[in-house]
Amino acid sequence: MRTHYCADVNEQHIGETVTVAGWVASRRDHGGVIFIDLRDKDEVFQLVCDPADNADAHKIAEEVRDQFVLIATGKVRARGEGLENPNLKTGKVEMVVDSLTIENRSKPMPFELNDEKVNEEIKLKYRYLELRTQKAYDTFKLRSKATIATRNALDELGFLEVETPILTKSTPEGARDYLVPSRVHGGEFYALPQSPQLFKQLLMVGGFDRYFQIAKCFRDEDLRADRQPEFTQIDVEMSFCDQEDVITVAEKLISDVFIKCGFDVPTKFNRMTHSEAMEKYGSDKPDMRYDLAMVDVIDIFERCDNEIFSGIAKMPKKNRIKALRVPKGDEIFSKRQMKGFEDYVRKFGAQGLGYFQMKEDGLKGPLTKFFTEDDIQAIIDRCGLEVGDAVFFGAGEKKLVWDYMGRFRIYLAETMDIIPEDTFEFLWVMDFPMFEVEDGKVKALHHPFTQPKSLDFNDIEEIESIAYDVVLNGTELGGGSIRIHKEDVQEEVFKLLGISEEEAQSKFGFLLDALKFGAPPHGGFALGLDRMIMIMTGASSIRDVIAFPKTQKAQCLLTQAPSEVDNEQLKELSIRVRQAAPTA
C-alpha cells in the first residue's frame, strides 16, 4: 500500500516515485496549487497537487479536508530555494502528486489537536484523536523504548520473565481491592492484584531465583496527578540476596533504561536514612535538585523566654522545632510575602511560622526579644546564617512539623524558581520504620511481608525494616525490601499488626504454608513505569503517559466505564444491586 514512511523520504529519493499514507494535518490552496501536509505516525511530508502536473489528483485534492485519510503516489523533488522547513526531517523535499486516493473522510475535529488549553474531559472522550499528535506518539515511542530496555537489562542479569495471576484472592495491602464476582462460585469474589507481591515470593520458594514482570496492578483509591486505578510496574524479585545485592540490580536497571532512552544519569545513587530525610527535608521522598535543608534548634528554643516555644521544646521525643535557612531570603522576600508564607503553612495545620532576618547589625525579627545574645548567636551558627539571609521556624508535634515544613520547602523552591529542569537526582531512602501507629492502630509502613531488622523493642515505632525507596526529583519512583522468609517471624509480624491467627490463615494461609517448605532468603523491588515515563517526558499528569487513562473519578470517558450491566448478567453472578445512598 505504501513504499515509505513520511520520515524516511529525503534528498536521496529526489527523482524517485514513492507512495506514502497518512492523515491530513493541513491543506492550503495557493492560487490553484494545493499543498497538503500529510502526517503518519511520526512525521509530516508536503504533497503538491498542481493541475498542470495531474488534473485528476488536483480534482481529488479539492475535496480533501483536515484529518482525511490519504494514500499518495508521486515523484520526490527538492523544495524551492527559501521554502525548506528545517523543523522537519522531510523539510528539504516534497512530492509532486501523480495519484491521490481518499481512503476515508473525517468529520470536523471536536477540538484542535495541538491546543494544550482544550478541556481535558473532551480530550479523554476522544482520546484516540489526541493520540494522533506528535507529542503523544513521541511519548509512547519513549515508553516502548523504556519497556524494551527493561526486558533487555533484566535478561542480561539472568532474570526470568514470569506472568502472575490477574484474578486472585482479596488480601488488602492498604488500598481497597477491585473485586470480581465468580459466576461458578456464587457469592464469592476474586480480586484484581494491587501488586504481584505474594506470587513473586512464592516463585522464590519455587526456586526460580530471579524473576521479573512488567505487571498490571489495580488499586481502588482516591486519585491524584500521579495515580491511576490501574497502573504498570516493573516488578523484580531475587533469592539468596541482601539489601546491597538488590540495590545493585536496581541501580543497574534504572541507569540502563534511562541511558538507552537518551538521558544522562549516574550509575550509582546517593543514600539517606528515612530519619535523616524526615528531619532535614520533612519528607520521605525529598527532591534533591536543590538544597534548603532544615536544622534542629529545639535545644536552643528550650532556653527562650516564651512559654509556648519552651513548652514544646521540653518534649523533644514528641515534638520538633525546625529552622529552614533561605540564602538571601531577606533580600528576596517582602514583608507581604513573609505573611503569605504563614498563611500557606496554616493550611496544613501549622499554628504559625516564625522567622528571623539576618541584617548587617545582627539577627532581627519579632522573636529575637525572647532570646539571650548567646542563644541568638547559637541560632546564627547552627543555621549558618549570612547577611541577607532569612530563616523560618516551625514548631509543634513532629509529624505535623515535618509535613508542613516539608511542603513549605517545596513551596519556597517553586516561589524562588530554583528547581533546575532537565536534571535527574536519584536518592535511596533507607531504614524505614517497620510500623506506624495511627489512632492507636498499628500499621505496616510498607507491607507486612517486609523483614524487620529486629523484633526486640521498647517502642514499636522504633523497629526498623530492611526496606528502601528510590526517589527521583521528589517523586517515589519505586521501592522494595528484603522479605520475611521464616514462618515464625511472619506470624509474629501479623500478631503485632493485630491480625489474629484465624484471619492470618484465612487471608495468607497459602503464604504461611509455603514458608514451611524451605523458603530462601529473598528480596526485591518494584518501579512505577508510568511515573518513570511521566518524569522522563516532563508530563504534568500520569494520564498523559497512559494510552487510555481514567479520570480523577476513575471513569473512562471514551467507553463510559464503569457502566450498569443488565439484570441477566447480575442474576448469573448471584448479585443484587442496592441503590447507593446519595452523596452530599
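Cβ atoms here come from the backbone N, Cα and C positions, even for glycine.
Listed features, source Swiss-Prot:
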type: SITE; residues: H30; note: site 'Important for tRNA non-discrimination'
type: SITE; residues: G82; note: site 'Important for tRNA non-discrimination'
type: BINDING; residues: E173, R219, H446, R483; note: L-aspartate binding site
type: REGION; residues: 197-200; note: region 'Aspartate'
type: BINDING; residues: R219, D220, E221, Q228, E476, G528, L529, D530, R531; note: ATP binding site
_Averaged pLDDT score, the region 'Aspartate' (197-200)_ = 97
*Provide the three-state DSSP residue tally for the region 'Aspartate' (197-200): helix first, then strand, then coil.*
4 helix, 0 strand, 0 coil
*So what sits near E221 (ATP binding site) in its own chain, CB-to-CB under 8 Å and at least six residues off in sequence?*
A175, R176, R227, P229
_Other C-beta atoms that fall within 10 angstroms of the C-beta of R219 (L-aspartate binding site)_ = 22
*If you measure L529 (ATP binding site) to G82 (site 'Important for tRNA non-discrimination') at Cα, how many Å is it?*
44
_Using other CB atoms within 10 angstroms as the count, which residue among the binding-site residues H446, R531 scores least?_
H446
*Between E476 (ATP binding site) and H446 (L-aspartate binding site), how far is it from one CA atom to the other, in Å?*
13
*Of all the recorded positions given, H30, E476, R483, which has the fewest Cβ neighbours within 10 Å once its own Cβ is left out?*
H30
*In angstrom units, rounded to an integer, how far apart are the Cα atoms of G82 (site 'Important for tRNA non-discrimination') and H30 (site 'Important for tRNA non-discrimination')?*
17
*Please compare the recorded positions G82, L529 by how many other CB atoms fall within 10 Å of each one's CB, and tell me which has the fewest.*
G82
*Any idea what DSSP makes of E476 (ATP binding site), helix, strand or coil?*
strand
